[in-house]
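Below: the structure, in structure tokens.
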């Protein structure tokens, strides 16, 4: 018996093939299948943010002015979170809260959920775009893997944290000063700076900045003299096939400086990928812990001794008192719907005050 093996070919293209040909066509701006998610979501997220910061007040949700129309500037304008009473409602325009009224929807904070959800899916679409392009040109997918770090931070801070709390109200509003307020809130209510996951995140981000600076400077230092131009950009032909810097020279230099150095480019560049991405993932995990109100380090023995001994105080006990002050002041300011009043005699005073 003879078996003929051959590649099956379709006589005519179906709708999927036609779509695939159009989406993945070589053009100035690649679209791709990921673009069906990325471009609409990015458009709506940015459009919602510009609309909110320009026109929409936060008076009904936070008792604040938050738009250019009310006199805010770029640093103080924001798309603010919905009121605490709305809990975790998706605040759909056609939902029971707004009932199709666009003005009412904006007043209730519907733009925040709109921007947050479209922003999250837009970021995921951008990561899928990197996967798709990498596969098209037969590259490894490390760019997309690296971009998972920012996505993890965004999703944990803007979605998972408020889901663990009483409502979207406790998520960050989309604005510069609003993010600063959220950072102060995290410190006062969660002692975030003493959280080991935050420490790993800081080490990752600052360590990555250091590695980036060292790497860029080292490459510039060991460039081959390939031309007589006045600067790096004029002296080199960007299409030349050979390397433009000496890994051997760089290795000898850092071996003398530190006693150790990267021996090959793969390990060096993997380390530059690993440090920031791991840091971002660790801080995202820490925020998930805070969503569940998990505590980090509590040095109770120092707190007890500071309470008993007027002359004993550490930077830790000082910070604990500062956190109490943030909570006492911030709760009344930040949650006006609770009508909280703290008389001066209950506000914290350290031993040194």
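Here the Cβ of each residue, glycine as well, is placed from N, Cα and C on the backbone.
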Any idea which of 20-40, 41-61 is down as transmembrane segment in Swiss-Prot?
41-61
Candidate ranges 125-141, 176-192, 244-260 [criterion: Swiss-Prot lists as transmembrane segment]
125-141
Taking 10 A as the limit, how many CB atoms besides its own sit near the CB of residue 118 (chlorophyll a ChlzD2 binding site)?
21
By a simple count, how many Cβ atoms lie within 10 Å of the Cβ of residue 143 (pheophytin a binding site), its own Cβ left out?
15
Cβ-Cβ distance under 8 Å to residue 130 (pheophytin a binding site), same chain, at least six residues away
141, 143, 144, 147
Top Cβ-contact partner of the transmembrane segment (153-166) among 41-61, 125-141, 208-228, 279-295 (pairs under 8 Å):
279-295
Pop the Cα-Cα gap between residue 269 (Fe cation binding site) and residue 215 (plastoquinone binding site) into the table, whole Å please.
9
Give me the count of other Cβ atoms within 10 A of the Cβ belonging to residue 262 (plastoquinone binding site).
19
